[in-house]
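Here is the structure we will look at, set down as structure tokens.
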Amino acid sequence: MGKGLNMIFNKDIKIIRKIIFIISFIVFLFSGISLINVIYKSHKNKKLNDELSNTLSQIVENQLNKNNTDNRNLIQELLDINSDIKGSIKIENTKINYPVVQCENNEFYIKNDIKKNESKYGTIFIDYRNKLTSNSLSGQNIVLYGHNMKDGSMFADLKGFRDREFFNNNNVIELTIFPEKYKFQVFSVLIIEADFDYRKTFFNNSKDMDSYLKRIQKSALYFKDTELNCKDTIITLSTCSYERENSRIVVQGKLIKD
């Protein structure tokens, strides 16, 4: 009797071990597939943006050489990929060198890539409220949004500005709105709650801008004294901050007059 019970018990143990092994194998297999999928998507996103970055770099070089004919062709190539492409953004000593888009809302490019395919990487995009013709940038706050990706892509490198030395030594943002190129001098870095009113895109008068800047300066991690009036143009770059829940890293600059 006892021997029979032992045989049944041992058999049950073997079955349980097999079940545990199968479950462990499935979990391992699923984890491996998930990891491969993450790596693949990261590589795919990098390849796509590298190809576009090469075209953007050529456009900038042609601008310097005043090669307008080639530039028109290159810009048209980008517009053939996506008519929402408005230009590019670049920050030295970071990986930030991407095309920028704009559409009729601030939701679509949070979860879609430059080719409008669904992607967790999204696309760097300009606030739909901004007016981007060359003669209408005056008096605006050009607001751009991008994800803080864990693989270091998109706007992840904005977190470098949390370091004072980096903030002091990397202070130029290059924004191209086809066909013009603009440079902005960084003056402010913030880590703020997502509902903080930093996304104001237009200033009605100097008093309006002064009020905005006082709020920014009061909340800023770093702030450089900067003379601004209601005709100046500033840029605001925004990404998620993982330091606290529902917060943002915000980097701002003032348009440099050539």
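For all residues, glycine too, the Cβ spot is worked out from N, Cα and C.
Note: TrEMBL annotation is automatic and uncurated.
Per TrEMBL, active site, proton donor/acceptor is recorded for H147. What TrEMBL records for C240 is active site, acyl-thioester intermediate. Residues or ranges marked as transmembrane segment in TrEMBL: 20-40.
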What does the structure give for the C-alpha distance between H147 (active site, proton donor/acceptor) and C240 (active site, acyl-thioester intermediate)? Integer Å is fine.
6
Helix, strand or coil at C240 (active site, acyl-thioester intermediate) [DSSP, three-state]:
strand
H147 (active site, proton donor/acceptor) - helix vs strand vs coil (DSSP):
coil
